[in-house]
């Protein structure tokens, strides 16, 4: 069966027709059949990756120290977070409490999905306008500047855990027998990330001078997204990008990288890298949390590069508010601004998600463009 699936895939893209999508990105076949990547994956010269990229200085935050009750450790953690989040929104979390064996199992299980035949992965195909499922380079959604990657995304709502296991159930429904352990591992991982995200929200609340539990309570009921990112080897990495320049529209991203590296952040008018640290999670502020802070904390432009030697794997947990919860900053973060101005209108996450899924390709202007779109929509 696997041989038959592969045999039906043309040299550039497979044309496996479905109701939702008409094509699939298959890097293995592209590398086998051509010395050049298709034009759809070639980025403009001004966006092509640079070979001269220096590491970004990002603080290491001792989360266990912050939570220990030691006022000195808590003060240092909030100071470091505030400085980083005000400038570029990126920091590293160490002593995070996530079991290293869970991380090992999570990486181990990625190959069972992403190295399966294209027709097998298609069982979990992501539908247009939805955030769950398999996506191959956004082929079908976009026709140029395609990212050299595959993803598998899951919705995660912690309050549903009592009634169902959202990640595990999605895998079971879409992939069927043979993926039980796969579903269990990523269900456990998503739950661990949700727990970690709420601890980080306590830290962010204190660093902003609001009540410590304010943001934690805001996100206790949430509609988050958990994503597996797989970046295959690329014969011409100097022409392509694994993920194009963008700011995350979500509230908070918790990323774990394998040892390969590829994350770059645009700070001080230049691209800088964040090298892998197996014992730390990379955390960055997203557009929605920037709005919650009235622009005080920054959502920064970043991208992922690829290479010709090794595949790259990452896990990203995107913390998002409950869909219909109104996103607006606490009064302390409005009154502290000159003339008490609001930088962004009230909105809900479901509105913002719809905008990024159906109307706008995320970049550095997503939140501003959404604000304009929202005002125009409300004027009718």
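Keep in mind that glycine also has a Cβ here, set from the backbone N, Cα and C atoms.
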Listed alongside 246, 248 for Fe cation in Swiss-Prot, from 109, 302, 359, is 302
Including all protein chains shown, what's the count of other C-beta atoms within 10 A of the C-beta of residue 302 (Fe cation binding site)?
27
Going by DSSP, is residue 312 (active site) sitting in a helix, a strand, or coil?
strand
Taking the Cα atoms as reference points, how far is residue 302 (Fe cation binding site) from residue 312 (active site) in Å?
16
With an 8 Å cut-off on Cβ distance to the 246, 248, 302 Cβ center, who else from the chain surrounds the Fe cation site?
243, 245, 247, 253, 284, 286, 299, 300, 301, 303, 362
What's the most sparsely packed of the recorded positions 246, 248, 312, counting other C-beta atoms within 10 A?
246
